[in-house]
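The following features are taken from Swiss-Prot:
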type     : residues : note
COMPBIAS : 29-49    : compositional bias 'Low complexity'
COMPBIAS : 253-264  : compositional bias 'Gly residues'
DOMAIN   : 69-154   : domain 'RRM 1'
DOMAIN   : 153-233  : domain 'RRM 2'
MOD_RES  : S81      : phosphoserine
MOD_RES  : K215     : N6-acetyllysine
MOD_RES  : S242     : phosphoserine
MOD_RES  : R245     : dimethylated arginine
MOD_RES  : R245     : omega-N-methylarginine
MOD_RES  : R250     : omega-N-methylarginine
MOD_RES  : R253     : omega-N-methylarginine
MOD_RES  : K318     : N6-acetyllysine
MOD_RES  : R322     : omega-N-methylarginine
MOD_RES  : R322     : asymmetric dimethylarginine
MOD_RES  : R322     : dimethylated arginine
REGION   : 1-66     : region 'Disordered'
REGION   : 235-268  : region 'Disordered'
REGION   : 311-332  : region 'Disordered'
Amino acid sequence: MSEAGEEQPMETTGATENGHEAVPEASRGRGWTGAAAGAGGATAAPPSGNQNGAEGDQINASKNEEDAGKMFVGGLSWDTSKKDLKDYFTKFGEVVDCTIKMDPNTGRSRGFGFILFKDAASVEKVLDQKEHRLDGRVIDPKKAMAMKKDPVKKIFVGGLNPESPTEEKIREYFGEFGEIEAIELPMDPKLNKRRGFVFITFKEEEPVKKVLEKKFHTVSGSKCEIKVAQPKEVYQQQQYGSGGRGNRNRGNRGSGGGGGGGGQSQSWNQGYGNYWNQGYGYQQGYGPGYGGYDYSPYGYYGYGPGYDYSQGSTNYGKSQRRGGHQNNYKPY
């Protein structure tokens with residue numbers, strides 16, 4: 001078990017004005033949020049409450065439930081194993097389950113995991129300790145708390161011809177799915193023209209589910225792509241959870257380069273990317289798995305298999321960083 005002295009990166013994406021980010025339906029539902037941290041070192045016994053199942057089963061089964069004995073542990077070395085993690089925390093109390101989240105593509109640790117104590121008092125003991133070190137790294141344990149998400153009623157529609165369809169045509173098409181509360185048609189302030197995307201808010205959540213049954217829709221001859229829209233703050237957190245997966249094979253939209261986008265023209269990509277930098281955006285890919293978790297100090301929102309600490313930048317308009325650990329891990 002080798003030491004990993006380098007920090008594993010976290011980075012926030014830029015979004016400022018009136019912003020909503022468009023994300024896939026998978027992110028909706030319940031989440032989790034993390035609270036303050038603590039320290040230690042130890043040796044362990046097998047998890048007594050998990051003898052009939054694989055490690056992590058109890059944690060996974062209760063992912064949408066409050067559990068006073070559950071902790072999130074961030075900042076782990078890629079070399080730290082589940083046994084190492086369990087051995088360390090056993091000195092604070094009986095550990096009934098333990099898991100480290102792995103990237104299914106690389107088989108490598110994503111640098112964070114979960115501990116489930118039999119007794120909630122063990123969590124307080126962990127938090128009472130000021131610093132925790134494991135495998136040469138300062139780690140950051142936090143309480144795991146369930147957090148219910150608001151119903152999603154707003155969608156992003158990208159790939160539209162800015163000249164058409166008209167607002168009336170957009171309302172006519174999407175009104176078939178349910179009652180529309182509002183339609184936003186963002187403008188290019190320099191050209192004083194519409195951009196190639198809109199936001200639609202329905203009065204209920206059900207129409208959003210219906211619209212998302214198809215990824216692409218054709219409105220007045222324009223093939224458009226549909227995503228769930230949500231506030232930029234949530235989107236920024238979500239970026240680190242489902243990770244670089246959203247951009248992994250995409251170009252730098254903000255600079256008008258590359259990127260798929262379902263056949264949209266480069267000029268649309270360019271305009272869309274510029275507007276994203278003002279507070280709008282959307283992410284294509286999504287790790288399934290643990291969508292809906294929100295460890296907000298770390299931004300592990302919706303941590304799906306695509307997350308990797310080495311996937312530094314995840315927003316369109318910035319180049320990706322790949323490779324090993326980097327010294328800009330910023331949990332707060």
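Cβ coordinates come from backbone N, Cα and C, glycine included.
Here the C-alpha separation of K215 (N6-acetyllysine) and S81 (phosphoserine) works out to 39 Å. Confidence for the domain 'RRM 1' (69-154), expressed as mean pLDDT, is 90. Annotation note: K215 (N6-acetyllysine) sits in a coil segment as assigned by DSSP. Per DSSP, the domain 'RRM 1' (69-154) is made up of 20 helix, 38 strand, 28 coil. Scoring each of the modified residues (S81, K215) by how many neighbouring Cβ atoms lie within 10 Å, the top position goes to S81.
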